Amino acid sequence: MQAILEHLYQGGRISREQSQQLFGAIIQGQLAPEQLAAALISMKVRGEYSEEIAGAASALLADASPFPRPDYTFADIVGTGGDGSNSINISTASAIVAAGCGARVAKHGNRSVSSCSGSSDLLAAFGIRLDMPAALSRQALDELGICFLFAPQYHSGFSHAMPVRQLLKTCTLFNVLGPLINPARPPLALIGVYSPELVLPIAETLRVLGYQRAAVVHGGDMDEVALHAPTHVAELREGTIENYTLNAADFGLSAQPAEALRGGSPEENRDILARLLQGKGEHAHESAVAANVALLLKLFGQENLRDNTHRALEEIHSGAPYARVMALAARG
């Protein structure tokens, strides 16, 4: 282990197997905080490679508590966080809306580390039980088309890294890992990343991890599909990665200012999203969610982004997404 750490300190890259060994030790609490901090910063400064990310993800998935994986097609939609935008929880709202459009979503999330409100902070504010047993979460996925999997419930090893992550107050490989270690192991994923430099490496990592189809996005300094700036996309399909750019017009939408998506505390975000999911939200909010839902639906084989956007907006305006949230909360 010391040889791996020393190699990292010298700015070297490590193999997938070495990364799996390193992160296996991390989640077993075998590294001192100083060693962990130094390793994470060493990788951050020179940039993380896809083999290293895949090795780390494999270590955490191997250690995860089991989830009864369905045999039907389902997805995750999740962002790394750490983009500094403090926006409303677009991916969480998108997951709920997408479920009403026929896309089953098992969303993996956590409490906030570096922003105002993570997905789990928001869900707790809605009264949704974060420690729902795996069998009940699977039942919700079957019957409601959506479930939320709280990372610490399935990845106890995260606790060993959390104090160091909070102390560093910056994005590290752990921010990148969160979207890749969904214990349900979805075959499809829409993943937002906090830096454009991560778009292709994460897509390559998804290919190594065996995803059927996925899209990795970064738009205008946000880990989402953006409407205020071009969105950079790396789409994985049948082992091939295609890079392209999307603009608001591709969704049949008008551009919206980034400031319009500013969020706040979990309670404030809950109120914003409650209005949105009841069909009473702000135009910029529903447009942002609809665009992200549209790209997610594309991964399910619904290729027309404009049609998908229209469908998502109809679902939002119906108010049905809010009823879905309340139904999930009632399963407490």
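Placement of Cβ uses the backbone N, Cα and C atoms for every residue, glycine included.
Just so it is clear, the model here is predicted, and its values are computed rather than measured.
According to Swiss-Prot, the protein carries these features:
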type	residues	note
BINDING	G79, N110	anthranilate 1 binding site
BINDING	G79, 82-83, S87, 89-92, 107-115, S119	5-phospho-alpha-D-ribose 1-diphosphate binding site
BINDING	S91, E224	Mg(2+) 1 binding site
BINDING	R165	anthranilate 2 binding site
BINDING	D223, E224	Mg(2+) 2 binding site
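This view paints the features noted in Swiss-Prot onto the structure.
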residue : record                                              : CB count, 10 Å
G79     : anthranilate 1 binding site                         : 29
S87     : 5-phospho-alpha-D-ribose 1-diphosphate binding site : 25
S91     : 5-phospho-alpha-D-ribose 1-diphosphate binding site : 27
H108    : 5-phospho-alpha-D-ribose 1-diphosphate binding site : 26
N110    : anthranilate 1 binding site                         : 22
R111    : 5-phospho-alpha-D-ribose 1-diphosphate binding site : 18
R165    : anthranilate 2 binding site                         : 19
D223    : Mg(2+) 2 binding site                               : 28
E224    : Mg(2+) 1 binding site                               : 27
Cα of D223 (Mg(2+) 2 binding site) to Cα of G79 (anthranilate 1 binding site), in Å and rounded, measures 6
Express the distance between the Cα positions of H108 (5-phospho-alpha-D-ribose 1-diphosphate binding site) and G79 (anthranilate 1 binding site) as a whole number of Å.
10
Nearest by CA distance to E224 (Mg(2+) 1 binding site): which of the binding-site residues is it, out of G79, R111, R165?
G79
DSSP three-state assignment for H108 (5-phospho-alpha-D-ribose 1-diphosphate binding site):
strand
Quick one: of G79, N110, R165, which binding-site residues lie within 10 angstroms of S91 (5-phospho-alpha-D-ribose 1-diphosphate binding site), measuring between C-alpha atoms? Sequence order, please.
G79
